[in-house]
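Step one of this worksheet: look at the structure below.
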Amino acid sequence: MLRSDAVTKGIQRSPNRAMLRAVGFGDSDFGKPILGIANGYSTITPCNIGLNDLAKRAEEAARQAGGMPQMFGTITVSDGISMGTEGMKYSLVSREVIADAIETACNGQSMDGVLAVGGCDKNMPGAMLAMARMNIPSVFVYGGTIKPGKLGGCDLTVVSAFEAVGQLTSGKIDEVQLTAVEKNACPGAGSCGGMFTANTMSAAIETMGLSLPYSSTMAAEDEEKADSAARSAEVLVEAVKANIRPLDLLTKEAFENAISVIMAVGGSTNAVLHLLAIARTAGVDLSIDDFERIRQRVPVICDLKPSGRYVTVDLHNAGGIPQVMKLLLDAGLLHSDCRTVEGKSLKELLADVPSEPPAGQEVIRPLSNPLYAKGHLAILKGNLASEGSVAKISGVKTPVLTGPARVFESEEDCLAAILDKKIQAGDVVVVRNEGPVGGPGMREMLAPTSAIVGQGLGDKVALITDGRFSGGTYGLVVGHVAPEAAVGGTIGLVQEGDSITVDADQLLLQLNVDQAELDRRRAGWSKPEPRYRSGILGKYARLVSSSSRGATTDHAD
């Protein structure tokens, strides 16, 4: 019995079949599984510009494997293009829109399974949220990573262009050099090339078994990526037959495996937010504290940008995520019995993967010689973040900083101050009212952090925010501060010049103001007026949960 029988079987469904005949169904097709192809193709961004070819390959393969594919579109927002603008407020919102769209199309048409094709950052968690909500057989196809740009013998990514802006304002480069970086940073199709958010989330999905082995690190423009899309469709047909569903795979152990891999590869802070959201939707008891627990035992073994030397295609050439997983598995750092969409256990999947990283490469290190002995995503708490905050500490030379607060009510005000050279070594920059409710939309702060790095202050200044950071951010940065300012969090009580301690060693984020003074400030605090009362941002601000619970919109806190 298929779910799609609800629209294809029986005399009463003759009108339904009439419409299906108009889109290509014949007599022999009724009774085949109807498979949604959720296509994120868009010319908005290089991340998604190649997705149509992958979706068509998957569509063809699904039909040849005995399914009836039905393609439909979903949206994307380009984080890189909207970064530093009001448009960035729509980025995290788009995760919910993508999830809602896929759920609506698949459930509205009684589809038997779904293959989602995505590229830019929110495509991955958006698709995963939909898959967890629907719990129908599902496979994710990642659009692939962009190849590195080249300039003067150096690899470039889009983050190189953001940092070049700071280098220009500090006099390190001129406009000719800035333009050269701009023209060479993004050479073609694919998602941003370091271990930024898109590649982090695709690695997590591969680890959790909802995409195929090696698929998360393939280059977008290589033929093996198209072949992988076709194979993914074949696997989906088999998953429908075997009734393998997302909630069979998305167990607590699978999430722990994903966190372990994210730590090992040096992945994005956004993975914390997205995995919390997916777990909540899947009914899995995952908390922000689980990330810290796993961080303590899993080292960083991949030397990847933004803080390292290499890009994701280099990781692929060194063995990809399966090689990383095999090293962790052999060390007892992964749950070996987790299943994949192909019906295999993780142990079975990795049986033929070498137990040592390939010789002659420095992208993946052995666990005996890690880049960092512990994971790089630290969970900081204190009176500034009673529900927690997320710090990315890989490559940080100064993990402890106590300094005066420089308070900004928006990203724009902060960036202007940095570019005007008003931020000095030792400052603790506070950007607030950028959280899920306050922004709304929890913008990423890549422009300010890149400007700080570009001016040579990356190891000398801390930045904390109730907003987010791009996967391309590095330095002493602390995001996802919860509770956020807009709902009464302590970050909203900070005043210019207050002493703040950021201590990544002791996992502390503390406002050094006595409790009596904090109580006085809190008594005088009033909830700010919403920045938007209508439209999708107004709706989002009314519905969204705390970042410490994934910033979802379909669960009441």
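Yeah, the Cβs are placed from backbone N, Cα and C, and that goes for glycine too.
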Residue in ASP79, ASP174, ASP498, ASP503 which Swiss-Prot records at the Mg(2+) site where ASP121, LYS122, GLU444 also bind: ASP79
Matching residue for the [2Fe-2S] cluster site, where Swiss-Prot names CYS47, CYS120 - out of CYS106, CYS154, CYS192: CYS192
Proximal but sequence-remote residues of the same chain as LYS122 (Mg(2+) binding site) (Cβ under 8 Å, at least 6 apart): THR76, VAL77, ASP79, SER91, LEU92, SER94, ARG95, ILE98
Secondary structure at GLU444 (Mg(2+) binding site), reduced by DSSP to three states: strand
Neighbouring C-beta atoms (10 Å sphere around the C-beta of CYS192 ([2Fe-2S] cluster binding site)): 31
Other residues, Cβ within 8 Å of ASP79, ASP121, LYS122, GLU444 Cβ centroid (Mg(2+) site): VAL77, SER91, LEU92, CYS120, THR197, ALA198, ASN270, SER470
Packing count at ASP121 (Mg(2+) binding site) (other Cβ atoms within 10 Å of its Cβ): 33
Which recorded positions sit within 10 Å of GLU444 (Mg(2+) binding site) - Cα, from CYS120, CYS192, SER470: SER470
